[in-house]
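A short worksheet on the structure shown next.
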Amino acid sequence: MAAPWEDVLRNEAAVQEAARVAVDAALLAGVLMRTEGEPNASDVVNYAPFTLLPSAVPSALFEQAYAVQQDFNLLVDAISQNKEFLEHTLASTIKVDDFTARLFRIYMQVLEEGLAQSVFLGINRSDYMFDRGVDGTPALKQIEINTIAASFGGLTSRTVAVHGQVLKVLGKSKEASRLLPNNPSKGLALGIAKAWELYGSPSAVVMFLVEEVQRNIFDQRCVENELWNRNIRVIRRRFRDVFEKGSLDDARRLYMDGQEVAVVYYREGYVPKNYDQQNWEARLLLERSRAVKCPDIATQLAGTKKVQQELSQPGTLEKLLPGRAEAVARIRATFAGLYSLDVGEEGDKIAAMAIADPDRFVLKPQREGGGNNLYGEELRQVLEKIRDSPERTSYILMDKIKPQPAMNYLLRAHSPLQVSECISELGIFGVYIRQGEEMVMNKAAGHLLRTKAIEHADGGVAAGVAVLDTPYLV
């Protein structure tokens, strides 16, 4: 899967010059993050980490990932509407995982009260790696699907121009012209704008629900600016603000500071540390409202690892997507081996298998956001500790994907320039809108390629491990 950069990688002077050009191009294009020292201030910023050169991606697998995205959108939406499936699938998890249990309690409370929301907006990102088979042929294998706060749609919209510039400086204009245009921020904003329109109140605002620490603000601003360009007002608030100033009227319309809110776009709320008691109360208020939540709590639950594992069971996809045999086949083709650690003989066997051969597997808790998975010796130690405890049901086990590494330079502020052996992960953004029973929008909205050095087992860009990249199709 080699890209045609081997000559460049051997030319140190060319690499040094290209890296200088690349950093300036990134700053110029707005591939930016706030600094760790000043995470809430935009008067000191730096470039977000990225690869010097675009990485090779097999074009057939790239096309396969795009082709299955609408199927995944339909699947996530079907799961979010299926109370019996969510109850059955998460029954063991909510006994031992407090975070999932609290989300589930809000979900049940809102259902019992009756949904006020009639327009549903899903923005997800399905992530894949290219597994090297026994015969060396790469295959597309899904890592996970992120149904809440899927990030980097904004910054990745701007990295193509940077890599194009680098290739031109290296005398590779023809290769630069082959880089695909990519603008997820426009696609994500299109979904939010359509949901805002269907909500039907022209004076209402879109609320970005954001974290206390906002290093990745420019990624969000890319989407936000697309909405302002459509004359849609955007406000940014935290859970704390919702708790203090949010309210519902008799029709369960949501108001913040006296402004009606049409759409709540979550860029927060996906890990336990995002919540204290006040924030849980704020979340319940939002979920009870008529506003379009992206995602609503059912869709967040649809993205849990336990649901992912259940989907791999024979017959499950057919039940969720009846009469869609082709979609089921396309989805199933992307699944890696997934195993349940539920209490019982089967779970005991799976746990023993993983303890005996930990390098074959990844142990995944019910968490989003990168940096949570366990590998190798750490996996073995954790499983040995919890093998006889119900706590093990809060994890799932997955076959470890083994991609073919390639050489590249990872550009990070204040880090020395050195070549690394790297692997990449491809994400496809999906956007869908359902109004009542009718699917109003269902599309793939762009892609994200992230690359990391092979010594890092887990973690994304926000976790400080992976860097932004651009696919070069081969």
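Positions of Cβ are set from backbone N, Cα and C atoms, glycine also.
Annotated features in TrEMBL:
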type    : residues                                             : note
BINDING : R125, 148-151, 214-216, Q220, 267-270, R450, 461-462 : substrate binding site
BINDING : E144, N146, E368                                     : Mg(2+) binding site
BINDING : E144, K305, 364-373, Y375, 398-401, E425, K452, D458 : ATP binding site
DOMAIN  : 204-302                                              : domain 'Glutathione synthase substrate-binding'
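Other C-beta atoms found within 10 angstroms of the C-beta of K400 (ATP binding site) number 19, with every protein chain shown included. Between the CA atoms of S151 (substrate binding site) and E144 (Mg(2+) binding site) there is a gap of 14 Å. In this structure, the C-alpha atom of R125 (substrate binding site) lies 5 angstrom from that of N146 (Mg(2+) binding site).
The two recorded residues, A149 (substrate binding site) and E368 (Mg(2+) binding site), show a Cα separation of 9 Å.
The domain 'Glutathione synthase substrate-binding' (204-302): residue composition by secondary structure is 40 helix, 26 strand, 33 coil, according to DSSP. Considering only the binding-site residues P365, E368, Y375, K400, Q220 (substrate binding site) has E368 as its nearest partner by CA-CA distance. The binding-site residues shown are R215, E268, Y270, K400, K452; of these, the one with its CA atom nearest the CA of E368 (Mg(2+) binding site) is Y270.
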